[in-house]
Amino acid sequence: MDVITTHVNADFDCLGAMVAASKLYPDALMVFSGSQEKSMRDLFLKTTGYALPFTRLRDVDFSDITRLVLVDCQHTSRIGRFAEVARRPGVEVHIYDHHPGSSGDIRPSGGEIRDCGSSTTILTRKLMEQGIEVTAVEATLMMLGIYEDTGNLTFPSTTPEDYAAASWLLERGANLNIVSDFVSQELTAEQVALLNDLLKSLRSTPVNGVDIAVAHATLDHYVGDIAVLAHMMRDMQNLDAIFLVVGMGERVYLVARSRIAEVDAGAVMRVFGGGGHATAAAATVRDQTVIQVLGRLNRLLPELVNPVRTAADLMSSPVITLPLATTITEAREILTRYNVNAMPVMDGERMAGIISRRIVEKALYHGLGNLPVDEYMHTEFLRAAPDTPINAIQDYIVGQHRRLVPVFSGERLVGVITRTDLLRYMYTGTQRNAEPVYDLGSENLPVRRREVVHLMNRHLPRPTVAMLRDLGKVGDELELPVYAVGGFVRDLLLGAENDDIDVSVEGDGILFAETVANRVGCRVKSHAKFGTAVIVFPDGLKVDVASTRLEYYETPGALPTVERSSLKMDLYRRDFTINTLAVKLNAEGFGTLIDYFGAYRDLQEKTIRVLHNLSFVEDPTRVFRAIRFEQRLGFPISRHTENLIKNAVKMGFLDKLGGRRLLNELVLILREREPVKAILRMSGLGLLRFIHPDLVLAPNTLQVLDEVKKVITWFDLLYLGEKVETWVVYFLALTSSLPDEGFWGTCTRLSVSEHYREKLIDMRVHGEQVLEVMTRKAARREDVRRSDIYFWLRGLSPEVLLYIMAKTRSDEVRRYVSLYVTQLRGIVTHITGDDLKTLGIPSGPRYREILDRVLTARLNGEAATRDDEMRIAVRLADSA
């Protein structure tokens with residue numbers, strides 16, 4: 001195993017060099033040997049758009065390391081636990097360091113140590129020489145290393161190679177805006193004076209609902225790095241957008257910085273002949289005064305600043321409503337069912353008012369449950385339109401303590417904005433303004449929306465990406481928002497393969513699927529009751545399509561009732577936060593990741609977390625799903641979620657779980673790559689008793705389960721091309737300690753179909769009987785012929801054969817089964833019943849008896865040819 005590491009208290013040069021080294025050693029793990037500098041920690045805290053592929057120190061098996069790659073370090077005293085690895089005989093050590101005068105105590109067998117501004121430069125040159133490309137994200141991280149160790153390419157130690165490396169990285173998309181935000185710079189006296197002048201002139205003006213800050217100054221000499229001042233003023237004053245206009249000699253310099261999508265700094269600067277990104281840009285104007293440039297800027301801003309976000313951007317649709325005649329008691333049930341705190345009340349098609357949970361609870365307290373909601377609903381409310389600015393809605397909800405704002409198109413109710421919607425919007429805005437959150441893969445986006453097109457292009461086959469774009473185009477034609485959702489998106493972010501593509505449509509999912517089928521010429525199977533469909537493409541790829549919907553549960557453990565809903569409500573009904581991500585597929589915004597519930601954070605923290613505290617009460621099968629995801633992904637269940645599981649077990653909610661649903665979850669667990677770990681977790685949480693009251697994970701049962709994995713691996717390596725239902729083998733092993741009555745009871749509890757129940761019982765009974773016979777023979781060391789083995793095991797399925805091998809403690813019995821599977825199972829006689837017929841033997845049971853006797857001879861080496869078999873058949877016929 002290869003490992004890339006660096007010195008303790010790592011800095012940006014360490015980070016950049018490690019990233020570069022990972023391109024030269026693509027199979028290596030990147031591991032920090034210890035702590036990092038504060039600037040590094042800040043980077044990891046603020047960077048949410050890209051999962052940096054580092055392995056935790058505690059997850060490394062040091063005994064497996066065969067090659068150690070050290071960057072920016074040559075001393076064992078600075079690499080923590082990796083020192084013993086570097087000293088271990090047989091370990092190959094490569095060092096890349098830019099301190100040639102610092103001879104260390106490690107004798108490298110490879111790498112490069114030479115004088116230049118940064119270790120990252122050395123490795124960047126290697127990539128340039130070998131023609132190895134890097135992504136924009138990698139280029140940015142590497143540029144951070146070069147800039148930090150060369151003082152933004154100004155230290156005396158800086159070499160032409162550092163400039164060349166920086167140029168190469170810039171050509172590959174290195175983002176200098178991010179670099180400048182993380183590499184600290186000291187202000188000169190001239191910059192401090194200019195900063196003071198700019199702060200005095202700073203004015204903020206609303207433009208299209210957006211506050212735009214503009215500051216200006218005039219100098220008779222040149223002062224460099226105005227961009228640094230723009231960053232400082234933006235942070236000091238907590239500004240969304242700022243424009244600096246500074247006259248120096250015969251030129252006017254403009255610098256723009258923006259944190260919000262409504263202001264595209266690059267677009268504004270391009271009008272002045274400059275350029276840049278949406279978040280950072282600059283321009284230089286000749287032959288004009290500062291006053292002239294300010295005037296032109298003020299005239300341009302209303303044209304170039306996009307209007308602030310409106311109600312249409314924030315509202316949830318379709319709307320869940322209450323009829324006017326709904327009673328207070330019924331209203332409480334409906335508010336609880338949909339997990340909302342306020343709901344519009346409708347008089348036919350007209351909205352008559354709003355009822356809140358607080359009013360409902362108070363009315364019930366006073367014994368008014370039988371009265372209709374129109375007696376106590378709010379009848380005065382803001383009537384927002386789709387184009388109502390968010391700040392007006394914010395003033396209403398916050399200023400008047402309202403829970404809900406309805407949105408109307410004319411007189412038709414088209415959506416609602418809840419207090420939660422507004423808080424989430426305000427939270428993302430505050431997070432963005434107070435402290436930048438960086439998406440290294442794109443531009444400084446809000447916390448809960450990110451661009452993941454680069455991940456789609458990196459991890460998905462090209463035909464799949466093209467297909468997803470085509471789905472978005474069909475959505476555009478039908479004016480339907482279309483999203484990839486769930487586990488497919490989760491695994492996309494994790495870089496894991498997942499061919500199960502789920503698509504949610506805000507609207508008629510069946511119409512969407514049928515339209516796709518007509519466009520592409522593929523098959524579609526619809527389920528009108530649930531609003532779902534499956535699209536089967538000509539190449540065999542399947543896409544599951546569903547109308548966005550919500551679910552509610554009449555009683556704990558019951559099957560859900562389904563209704564049409566919005567994307568947000570559709571995602572809220574899911575089991576865990578990590579499965580609530582969506583990626584937009586429509587052309588406008590293709591590849592935008594939507595995260596309502598902090599799923600991205602939980603993916604980064606590797607945590608399984610439910611969305612609400614009643615999740616396991618509503619659907620106890622989620623308990624088993626939590627364990628399955630925990631073991632598959634290696635993500636621990638959060639402490640709070642585990643406490644909720646224990647509560648569901650204690651309160652007996654799993655007793656109400658239907659057998660078929662429990663069986664489905666158990667089968668999925670037993671089909672996992674490491675089901676024994678999940679079974680151990682189930683045992684630890686007291687879940688096995690819900691399968692059968694007497695089912696426990698005794699030591700002998702655990703031993704059988706461990707053996708199952710070994711025998712399945714053995715069988716797979718035979719390459720027989722035979723499919724084995726591995727879950728059946730694990731199921732037989734899990735229940736091996738139960739008596740026959742207990743096994744039958746388990747099948748009944750799990751509502752196994754009558755046909756399959758008989759099949760499982762037959763497997764169990766015959767398997768145990770054969771195992772007992774073979775064990776007895778082996779224990780007595782009786783002479784066992786090949787034919788004995790054949791007839792003992794003939795007719796048993798591969799699942800039963802593997803179960804026998806796993807359960808037996810006898811090596812001799814394992815040899816019997818192995819011999820049968822590898823040599824005996826396929827042996828048949830040369831002669832058939834037709835040959836017996838030519839001998840004049842009447843058809844009937846005698847045929848099977850003779851053919852079995854002939855087969856016995858063949859198995860035992862007493863009949864090698866067809867003629868040998870015919871002679872035996874004739875002899876048996878004559879003796880009859």
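Backbone N, Cα and C atoms are what each Cβ position is placed from, and that goes for glycine too.
These features come from Swiss-Prot:
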BINDING   487-490, 574-575, Asn579, 619-628, Arg632, Arg661  ATP binding site
BINDING   Asp500, Asp502  Mg(2+) binding site
DOMAIN    315-373  domain 'CBS 1'
DOMAIN    377-435  domain 'CBS 2'
What Cα-Cα separation, expressed in whole Å, is found between Asn579 (ATP binding site) and Asp500 (Mg(2+) binding site)? 13
Among the binding-site residues listed here, Asp500, Asp502, which has the most company in the form of other Cβ atoms within 10 Å of its Cβ? Asp502
So how many of the residues in the domain 'CBS 1' (315-373) end up helix, strand or coil by DSSP? 21 helix, 18 strand, 20 coil
Those binding-site residues from Arg490, Thr621, Ile627, Arg661 that fall inside 10 A of Asp502 (Mg(2+) binding site) by CA distance are none
Same-chain residues at least 6 apart in sequence whose Cβ lies under 8 Å from Gly487 (ATP binding site): Asn498, Asp500, Asp502, Asn579
For Ile627 (ATP binding site), what is the tally of other C-beta atoms lying within 10 angstroms of its C-beta? 25
Calculate the per-residue pLDDT averaged over the domain 'CBS 2' (377-435) and state the result as an integer. 77
Where does Asp500 (Mg(2+) binding site) sit in the DSSP three-state scheme? coil
Return the single residue from the binding-site residues list (Arg490, Arg661) that has the minimum number of other CB atoms within 10 Å. Arg661
Per DSSP, three-state class assigned to Arg661 (ATP binding site): helix
Same-chain residues at least 6 positions away from Phe624 (ATP binding site) with a Cβ under 8 Å from its Cβ, in sequence order, are Leu662, Glu665, Leu666, Leu668, Ile669, Met682, Leu687
Under a criterion of Cβ-Cβ distance under 8 Å and sequence separation of at least 6, what residues of the same chain contact Thr621 (ATP binding site)? Leu657, Arg661, Leu662, Asn664, Glu665
